[in-house]
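According to TrEMBL, the FAD binding site annotation covers Glu12, Leu20, Val56, Trp344, Gly351, Val352, Ile353. Taken from TrEMBL, the feature NADP(+) binding site covers His127, Gly128, Asn129, Val130, Arg171, Arg172, Glu183, Gly351.
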Amino acid sequence: QHHGGALVDIYEKLPVPFGLVRFGVAPDHPEVKNVINTFTQTARSERCAYYGNVTVGRDVTVPELQQAYHAVVLSYGAEDNRVLGIPGENLPGVYSARAFVGWYNGLPENRDLKPDLSCETALILGHGNVALDIARILLSPLQLLRKTDITDSSLAALACSKVKRVWLVGRRGPLQVAFTIKELREMINLPGTRAVLDPADFTSLENAVKDAPRPRKRLTELMIKTALEKPGEKPVEVHSAGAAAPREWGLKFQRSPQEVLPSADGKRARGVRLTLTRLEGSGDSAKAIPTGDVEELECGLVVSSIGYRSVPLDPAVPFDSQRGIIPNSSGRVEGVPGLYCSGWVKRGPTGVIITTMNDSFDTAQSVLEDLQGGVLDMSPSREGFGAVESILHSRGVRPVSFSDWEKIDAAEVARGKAAGKPREKIVDPVEMLRIIGH
């Protein structure tokens, strides 16, 4: 928008666009996906072209892209998860949040996850919005999920799920939780479900939170109010059998996972051993120090939601594997003029969609400044996709255009309509390509 002559080509690994908005945002949060409309307007501009089904670093290298374009921006996010690094984390019954979310959101690589939901108690390690999303999906009444774009197969699995209790465990205290008030309120108000918060965790917090920033203060006050509510103050939904709400969830604090415990036959997870911690320091910088005391929590499903991690894309691109980012200054990749980065691969996997959007404006500004300041060598004319097309052709790669995606989109919406949903996502890339006659 800020440069009338700029032509922008977008390369995407999957045949379908929208990345984390399609595969990360919870299915029961359709309003968050409205940004897709803005993306679509941009993609339809005659100055923009979309090439899906192209894996950069494999089908075409970053140096090859740099030969074809005046500037290259890497915005490929954080496609791996942080590992716990504890014994037992590879046992059946233990999943990364990334894979679990990918499963119910139709991410092709997670379509065959088949998580075992036959236990009554699930444990989610982490106190962020993704942890709350997973807890909410596990405990939501089916009639709420049926109207969303959750995948058909995960809906069928949730219909048979025995999970009725979800604990969210964090290493630090109530003042350090990373989720936001909107997600917490939604969880507290989830029909047929009650929150179990230990009043002892909150008794001394009223004073501590007085001087906290307003969002943190409001969030903590909501937890305190929920924890101190007397039984019966919140109207309990009575079910047909006349029993009180059968499902519950709760927050456990100052506990750090030490080991996932195997079942007697060693074939699956049966619980987690947690080390109790004490906090050193205060506020967001507080550190959790193990006290030496341990406790065991029985659970048959463990989801690790401790964060995402970016991976190196191409040997030609500098990468800080310690911090999991491309080293950069305001999006300019260190030591490589004309190469830029944006989003989680630029500053680490934190923040929501609006944070990442603002961050991308910052990187775009750097590109424009370099263009005006003569940092970008504009003298050779670059062929752009013309040069890349022949490389892809020679490697047997057929890109997917935005109008191809719109055919896939129409097929998904039609399938969804038949089931009373906004869409039924196609989860197999081979089927996506078949629809567009690839």
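Quick reminder: no glycine exception, Cβ is built from N, Cα and C everywhere.
Val352 (FAD binding site) and Val130 (NADP(+) binding site) are 11 Å apart (CA-CA, integer value). Residues near Val56 (FAD binding site) in space but far in sequence (CB under 8 A, at least 6 apart, same chain), listed by position: Tyr11, Lys13, Val62, Leu65, Tyr76, Leu313, Asp314. Among the listed binding-site residues, namely Gly128, Gly351, the Cβ with the most fellow Cβ atoms inside 10 Å is that of Gly128. For Glu12 (FAD binding site), the spatially nearest entry among the binding-site residues His127, Asn129, Glu183 is Asn129, judged by CA separation. Around Leu20 (FAD binding site), the C-beta neighbours below 8 angstroms that are at least 6 residues distant in the chain are Gly77, Ile353.
Within the set of binding-site residues Trp344, Gly351, Val352, the entry lying nearest in space to Arg172 (NADP(+) binding site) is Gly351 (CA atoms).
Looking at Gly128 (NADP(+) binding site) and Val352 (FAD binding site), their Cα atoms lie 11 Å from each other. Across the fold, the C-alpha of Val352 (FAD binding site) and the C-alpha of Asn129 (NADP(+) binding site) stand 9 Å from each other.
Neighbour density for Asn129 (NADP(+) binding site): within 10 A of its CB lie 18 other CB atoms from the protein chains shown.
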